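Q: Before I ask anything, here is the structure I am working with.
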Amino acid sequence: MKTLVLLSALVLLAFQVQADPIQNTDEETKTEEQPGEDDQAVSVSFGDPEGSSLQEESLRDLVCYCRKRGCKRREHINGTCRKGHLLYMLCCR
């Protein structure tokens, strides 16, 4: 009888250990898909620090974001961004 209880406890423990990584994976995917995490502001600088004043004025108004799923309206793809091993689109307006 004691052996049966011990074996049952071991089987239940094994099932619980296998179930925990699945729950953690679900929680990780939920946190990865948070809105707002898609868009990350980026500071962009181009060219020579002694560039023309016309170029400086046009770049001052340039706002860029690293986006996972493509650019929004009024934005255009201006390259790629890298955060760790992931690549994002650099979208500027």
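Every residue, even glycine, has its Cβ placed from backbone N, Cα and C.
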Q: Identify which of Cys91, Cys92 is listed by Swiss-Prot as the disulfide partner of Cys71.
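A: Disulfide mapping in Swiss-Prot sends Cys71 to Cys91.
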Q: Could you pull the disulfide partner of Cys66 out of Cys64, Cys81, going by Swiss-Prot?
A: Cys81
Q: If one looks at the chain holding Cys91 (disulfide bond), which residues at least 6 apart in sequence have a CB under 8 angstroms from its CB?
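A: Expected: Cys64, Tyr65, Cys66, Arg67, Gly70, Cys71, Lys72, Glu75, His76, Ile77, Asn78.
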